[in-house]
Structures are given as C-alpha cells and as structure tokens.
Amino acid sequence: LICIFKRKKSTEPTTASSSKGKTVAGGRGENPKEEYSSGVQEAERNKLVFFEGCSYNFDLEDLLRASAEVLGKGSYGTTYKAVLEDGTTVVVKRLKEVVVGKKDFEQQMEIVGRVGQHQNVVPLRAYYYSKDEKLLVYDYIPSGSLAVVLHGNKATGKAPLDWETRVKISLGVARGIAHLHAEGGGKFIHGNLKSSNILLSQNLDGCVSEFGLAQLMTIPPAPARLVGYRAPEVLETKKPTQKSDVYSFGVLVLEMLTGKAPLRSPGREDSIEHLPRWVQSVVREEWTAEVFDVDLLRHPNIEDEMVQMLQVAMACVAAPPDQRPKMDEVIRRIVEIRNSYSGSRTPPEEKQKDESAAP
C-alpha cells in the first residue's frame, strides 16, 4: 500500500521549543499534494521537535510531502516508511488513541529520547504533537524486523536464521531491554515487546524499537496475534511492568527457538495454542526435542545450548512475576550460552563486550 503525505497550505511559519531538543520552522507555502493527516492543524503546523545529536535536516512540511509506504499497523498506530524529496528515508509512527495531554506527552517524549541512546535500541529522532495528531520519527533500518526475517524467510525461499544468529539477536534484545529498565530511576518499561518491534541491524544485532509508548495510552484489547506476548497479569490489569517486559522477552526467545508464532491455531478455529503453555506441555512429556525449530536441528552439536536457552526462556515466562529473573541475570546466562557455543571463534572484542555487559 502506497500513500502520499500531504499538508494544507500554511499561512505563516511557526516554531516550537524544547529544553532537550531542537526545533525546525517551515512556512514555504508550496502547493499541497494529498492529505496525509487531517490532524495537522493550521495553527500548529511546523512544530517538529528534534532531539540533540540528530543529523536530519528537514521540517514538518518536508515530512508531510514525503512519499510513504505503510510498513505495518499495530495497537498503537500505523508505521510508515517515508522517503523525503532529498532522498532521506525515515520511519514515521502515527499514534492513535493517545490519552495524555500535551505536557505529559512532551515529558514522556523527552524521556524516550534520552533513554534511546544505546546500540541495541532504536532511538527516537523527533516528534510532532497537535490536538488530533501525534507523529514520531525514527531511523529507517532496512534489514527489517525479527518477525519478517523469522517467519517470512521461509515463504520467500531465503535461508533461515542459524543458531548463532538467533543467540546474537536474543543477547542484543536483552541488552536493549536491560538498558531501558536501568533508565528513569529503574522505572522505565517497554510495554509492547513483540517480534515486529525488534529490528535487525546490518550485522543482525537485535535492536528494540517503539518503547515507552504504553504510558501514553490505555492498552486496547489485544488482537489475537498479540495476546501471546502479554504476561497473564497484564491481560487482567492492563498495566505493563518491567516484569511483564521480561515475560514478553521470554516469549520472543521461545519464538526463535520454536520458529512458531506466540499464539497460533494448529487446525481448528476453536483450538488456539498459547506458545509458553504448549512448550511447557511438550517438555513435561519429556519430548523436548519436539520443541525446537526443524531448521535449527540441522545444525550439529547445539542441542545442549538450545536446551539451556529454553531454560532461560521458561524462567522468563514464569506465571508469578516475582519468579522471573531480572534482565541483567538473563544477559549473564545468554553470554554463558553463547560463549560455550562459539568458544574460540568469538572475536576478542566481542568477548570483552560480553564480559562487561554481564553482571
């Protein structure tokens, strides 16, 4: 689906200010193309707030004129790949059902912009706020999401992810989440962790995206495909926590180990399998080998490491939240698993990074 960003004609330029970001002003008065968002109001136009360190050089008018391709639609809004007239490519998230006011929104954006400075986190570069429209701007990462690479490669005939890459992605995601949890006085949460929100860098590191948005809106009833990521207590309270992030991470690891979606129908519409429960039932029957993705079983001498990673995942999806490990402990265990597999093949700089990341 291809659409075109558009704007209404602006009568005069406006500016915005931010204590931690920089702003750009427009007002060049070009003729409009098509309307991207009716929520971008006349009096509030051109208030696109960039964060420090961002190298982008465009304003809201440039963004609204960009050609855009829908990348996906989720519970928090629609995500677009936007290509500006100068060739710059960014990702724009159009939020829906934001329930907080402007002040609270801007305060949360400042926090999100600050905590996003980590190699395993996709940083927020800019945002726009008006009464009826909220836009977030991120870097475009062409390698795509874990969901597409994990589940889409089979359909396109591409090679599936090997074991070492899956461990690498798991470790990167764990580091990203641990970083988020350490910020904001130890109270920051992701709140919407799923494989489509894990983007892969050029060298296939896992990078966490779309974090810190749960605080801006009420959690809507989850589509069936997303229920499997949510901890049992979140389905009841609608309030995500750091412990529910750990649960979602555990589901992600199970997804990579099994090659299966978190919630699936094995045949009949009234027969839905919840991934953690399915894994638990198989392991309980001592059929552990049946759990793993058949593409992984083709690799020799990794059975012990796969079982160890399965144990990490199952600890993360423990039903009682207080029984789930902290992300620092998860990192330590994954580093041990990775080192036991890669051994002497791990470059010295990677070993040093692993040791420094482990508690």
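Each residue, glycine too, has its Cβ placed from N, Cα and C.
Here is what TrEMBL says about this protein:
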BINDING   Lys102  ATP binding site
COMPBIAS  12-21  compositional bias 'Polar residues'
COMPBIAS  30-39  compositional bias 'Basic and acidic residues'
COMPBIAS  347-359  compositional bias 'Basic and acidic residues'
DOMAIN    65-342  domain 'Protein kinase'
REGION    8-39  region 'Disordered'
REGION    338-359  region 'Disordered'
Model confidence over the domain 'Protein kinase' (65-342) (mean pLDDT, whole number): 89
Cβ neighbours within the same chain of Lys102 (ATP binding site) - under 8 Å, at least six residues apart: Tyr129
